[in-house]
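Q: One structure, as structure tokens, below. Some questions next.
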């Protein structure tokens, strides 16, 4: 199997290049065939690679070439597939394949059709190389590459000002986190003398804990940006300006989980630093809570799901922080299924509603879009944590892990966020699909999406409903046994051996909380026993805080963006215009003035030239006579 691994990233790279180079003139609206075939090849090769790791329990390596041969410092490009990578390969290629198929219908007729599929393939290549790398430098290179692809796809409709601004915002905010990540990679090299995963992890025991804490915090800074944690989560909701398939693939199922993957891959470093773990748990719990509170007040269907993504990433982050490593990756897998389904379902609604995204202008769509409704309902229930759907098992396991690991406050925050999760997800369901239509039926004609879009919804609904059972029984299911060798230092077992009674109690509590959230949404948006507008008026300060996204953007505008803008104006007006341009232009003016004066002696009269020659001769003779006299000897 090792001899075929290179096909997994190579196929989408080749397809991306062909579509980009020839798409405009030759391929045009047929670009999807090559793009889907390429990702299909990646998925097909990933399956036997996964099965080999399952069968043997050993990692697969394929050395491709040496990128940087500089004496003792060498950076090989080697594909590495262990249990963690094998799981990620199926997630990335599986979801990507369905998103590519879905995009055929969603992007039909777009003038940038070929360009879209080229960018999408380029992202898949970059993400695959990121998860298959065997050293931190290659990881960092493709970490930046997926950031570039995110920028290209968020700003795909670049003529739309909001899309262009969202793309720049995502790119810049991620660079803030990436600075810390890059410094962390450099510190790893100076500390361990290598960037190879295996060699770094073997040397962890001989490094001072303070150094390991600094490395872990720097790496986590990168994860804060890429996986949209507080305070760098502000880019993700704005990223919804990109096409909906982009939201499903990059900003829900794959790229935003890269930070979680990187931390999990760096398990030995983080597990050796209790301070870094505590920091990660606090940041993750805060993110899960804050994003959930924002989600209950938004009206844009995609932004509600975007804040849900931020909240669920917070769950993964605090799971890693409390040492529930297996639970974090388990939730990553289940989240990819139900969140990809939710975004594609939202795209189907937007498509059927002729680009309308405001839920206040929807309602009653169940009868017009039955496939979209039932599949979206499965995704919403899974996200809300209803038993026995996928999200229940993984989310409950994270909360139990926090409790058993000695973090009751974080577990409580997780339960509160779970209530809000159920509330905002079924708020979306009820406002969008139930009740009376709130759109103008003379101008809007809702309809079910074509099968190129509805088919992937049905296929994603299956894992969203059932994939949670790979983690049953909790803590001891097949998934945990499979992933355990990656986290082989015993931290998982040490922190999370819990009784079945505790598991059942928390399962019951989680279910009751989810039902309570759904009941609240039903009372507010179906039965009318709760008036959302009245509640908003009664708790106006809190509502404004949540609705305005805790004023993070406004705070950044006042404290960072505006001061930097003023500083840039100063640099432009004083340093650039007056100092640099003034110096250059001043020299030019002096030379121009001097040349203008010098040209006055060029009269064009022979008599003047003869006089100048004679005077010159007199001066030379005079100098010779003076210097040759005894006075100067």
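Every residue gets a Cβ built from N, Cα and C, even glycine.
Unlike curated entries, TrEMBL annotations are predicted automatically.
Features from TrEMBL:
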TRANSMEM  6-27  transmembrane segment
DOMAIN    67-117  domain 'NADH-Ubiquinone oxidoreductase (complex I) chain 5 N-terminal'
TRANSMEM  112-131  transmembrane segment
DOMAIN    133-421  domain 'NADH:quinone oxidoreductase/Mrp antiporter transmembrane'
TRANSMEM  137-158  transmembrane segment
TRANSMEM  179-200  transmembrane segment
TRANSMEM  212-236  transmembrane segment
TRANSMEM  248-270  transmembrane segment
TRANSMEM  276-297  transmembrane segment
TRANSMEM  304-322  transmembrane segment
TRANSMEM  328-350  transmembrane segment
TRANSMEM  409-430  transmembrane segment
TRANSMEM  504-525  transmembrane segment
TRANSMEM  606-627  transmembrane segment
Q: Determine whether the transmembrane segment (304-322) and the transmembrane segment (212-236) share at least three Cβ pairs under 8 Å, counting only pairs 6 or more apart in sequence.
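A: Yes, the transmembrane segment (304-322) contacts the transmembrane segment (212-236).
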Q: Give the nonlocal contacts of the transmembrane segment (248-270) in its own chain as ranges (CB under 8 Å, at least six residues past its ends).
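A: Tertiary neighbours of the transmembrane segment (248-270) are 84, 88, 91-92, 95-96, 99, 102, 120, 123, 127, 130-131, 139, 143, 146, 149-150, 153, 197, 200-201, 204, 212, 215-216, 219-220, 222-229, 236, 239-240, 242, 276-277, 280, 305-306, 309, 313, 316-317, 320, 325, 328-329, 332, 335-336, 339-340, 342-344, 347, 486-487, 489, 491.
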Q: Please report, as numbers and ranges, the same-chain residues at least 6 past the borders of the transmembrane segment (112-131) whose CB is under 8 Å from any CB of it.
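A: Distant contacts of the transmembrane segment (112-131): 8-10, 12-13, 15-17, 19-20, 23-24, 27-29, 31-32, 34-35, 38-39, 42, 85, 88-89, 92-93, 96, 99-100, 103, 138-139, 142-143, 145-146, 148-150, 152-153, 156-157, 243, 245-246, 249-250, 254-255, 258, 261.
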Q: Grab the same-chain neighbours of the transmembrane segment (504-525) for me: Cβ-Cβ under 8 Å, and only residues 6 or more beyond its ends, written as numbers and ranges.
A: 384-387, 392, 395-396, 399-400, 403, 415, 418-427, 429-431, 434-435, 531-532, 535
Q: DSSP helix, strand and coil counts for the domain 'NADH-Ubiquinone oxidoreductase (complex I) chain 5 N-terminal' (67-117)?
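A: Breakdown, helix to coil: 29 helix, 13 strand, 9 coil.
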